[in-house]
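Taken verbatim from TrEMBL:
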BINDING   K15, T178, D179  ATP binding site
BINDING   S59, D146, N158  substrate binding site
DOMAIN    286-365  domain 'PUA'
Amino acid sequence: MVSSVLRDARRIVVKVGSSLVTNEGRGLDEVAIGEWSRQLAALVRGEGGVAREVIMVSSGAIAEGMKRLGWSSRPSEIHELQAAAAVGQMGLAQMYETKLREQAMGSAQVLLTHADLADRERYLNARSTLLTLLELGVVPVINENDTVVTDEIKFGDNDTLGALVANLVEADVLVILTDQKGLYTADPRRDPQAQFVHEAKAGDPALEVMAGGAGSSIGKGGMITKIVAAKRAAGSGASTVIAWGREPDVLLRLARGEAIGTLLVAQTQKKQARKRWMVDHLQLRGSVTVDAGAAAKLRGEGKSLLPIGMVAVEGDFARGDVIAVRDAGGTEIARGLANYASAEARRLCRKPSSEFERLLGYAAEPEMVHRDNMVVFTA
Ligand SMILES: Nc1ncnc2c1ncn2[C@@H]1O[C@H](COP(=O)(O)OP(=O)(O)O)[C@@H](O)[C@H]1O
Ligand SMILES: N[C@@H](CCC(=O)OP(=O)(O)O)C(=O)O
């Protein structure tokens with residue numbers, strides 16, 4: 001089963017943990033980052049068949065910062081950890097930029113917090129930036145913005161961020177690379193009898209019992225955060241693979257369909273997951289009424305909703321809110337994420353995109369609701 005999940009994946013989020021990227025605390029592991037960069041570049045170029053879109057979520061800022069500041073032990077004060085992360089992030093970004101450039105691959109630094117992704121407008125902004133980077137064939141390298149948050153540093157958990165990014169871009173697979181070959185029935189550092197788990201259902205509560213905390217002083221989250229991340233990623237239909245980051249050619253072999261690591265299979269498919277989320281979204285803040293032409297385009301051709309087809313805007317909503325799209329008779333024909341707040345949307349009704357800049361004072365998306373962010377109900 002591992003085989004088809006990764007072999008067929010087109011959009012992959014790879015998360016590398018602190019314990020791996022820093023080689024147990026001795027600064028950044030240049031050789032390992034070089035290896036992952038080579039493999040990421042090969043995946044983007046489609047060597048071996050299909051081109052993939054890849055996003056790297058990488059930890060390592062604190063460990064690199066500690067090295068640069070000459071600190072031999074991890075400070076306990078949060079503000080010191082934040083300072084170390086700020087210092088180390090320079091080196092981390094620089095290392096990926098250098099290694100990806102050696103592969104003739106562009107890279108981009110993106111720093112996010114969980115709160116950013118909980119905020120509807122920031123969520124949409126982060127999503128469109130990341131999707132644009134992927135379209136440009138650039139590899140986004142993401143870490144937490146440790147300067148403005150403290151919880152993540154306390155828990156040392158980039159696994160959750162990896163899952164949130166997988167949700168954000170609707171990845172097919174989340175690959176969590178760590179210092180173990182995958183999930184065992186118990187922490188293999190503590191229990192020599194622990195058995196390897198090849199495959200399980202993401203979200204199976206039995207997995208949480210198997211997973212313990214971090215085994216090293218560098219990593220903090222341990223296996224439990226990976227199990228929870230897999231459950232979260234499964235919420236948008238992404239399966240998760242947990243594998244050893246130093247396995248030779250790990251990413252390429254996974255993409256070829258080799259069964260390495262632990263596969264945690266998502267129980268719902270991507271499209272179904274998104275659809276369910278939209279449909280279950282009870283907090284509709286408003287709606288737009290569209291003309292017959294727009295209704296037909298949505299229903300029949302699966303097109304995005306453009307403001308030119310809108311005749312009225314109801315309610316008070318913000319960019320990123322879920323809104324209903326209704327036909328002239330009031331029947332809900334679709335539901336999706338608004339690209340414009342209600343006040344702006346009212347100004348854009350019946351207007352072509354060429355006029356948006358004049359009407360709003362800035363140029364933005366031509367769609368009111370993009371088809372990727374919309375569920376159309378069958379008549
Ligand atoms: N059931 C388990 N299977 C595998 N590893 C486990 C398990 N329970 C706890 N661990 C520990 O989790 C560690 C990986 O987590 P962590 O150190 O946070 O890594 P990372 O920095 O990659 O996120 C392993 O080294 C291992 O000791
Ligand atoms: N964002 C921080 C810490 C994140 C972290 O350690 O997470 P993890 O790799 O999941 O144990 C860093 O880059 O050092």
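Backbone N, Cα and C atoms are what each Cβ position is placed from, and that goes for glycine too.
What TrEMBL annotates, mapped onto the structure for a quick look.
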| residue | record | Cβ within 10 Å |
| --- | --- | --- |
| K15 | ATP binding site | 29 |
| S59 | substrate binding site | 30 |
| D146 | substrate binding site | 23 |
| N158 | substrate binding site | 29 |
| T178 | ATP binding site | 27 |
| D179 | ATP binding site | 19 |
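In the vicinity of ligand 2, defined as a Cβ distance under 6 Å, none of the binding-site residues K15, T178, D179 are placed. Comparing T178 (ATP binding site) with S59 (substrate binding site), their Cα atoms are 11 Å apart once rounded.
Proximity to ligand 1 at the level of Cβ atoms, with a cut-off under 6 angstroms, picks out T178, D179 from the binding-site residues K15, N158, T178, D179.
Proximity note: of the listed binding-site residues (S59, D146, N158), S59, N158 have a CA within 10 Å of the CA of K15 (ATP binding site), given in sequence order. Between the CA atoms of N158 (substrate binding site) and D179 (ATP binding site) there is a gap of 14 Å. In this structure, the CA atom of S59 (substrate binding site) is 13 Å away from the CA atom of D179 (ATP binding site). Annotated pair D179 (ATP binding site) and D146 (substrate binding site), C-alpha to C-alpha distance, rounded: 23 Å. The maximal spread of the ATP binding site, taken as the longest Cα to Cα distance among K15, T178, D179, is 12 Å.
Largest Cα to Cα distance within the recorded substrate binders S59, D146, N158: about 11 Å as a whole number. Averaged across the domain 'PUA' (286-365), pLDDT for the predicted model comes to 94. The DSSP breakdown of the domain 'PUA' (286-365), given as helix, strand and coil counts, is 28 helix, 23 strand, 29 coil.
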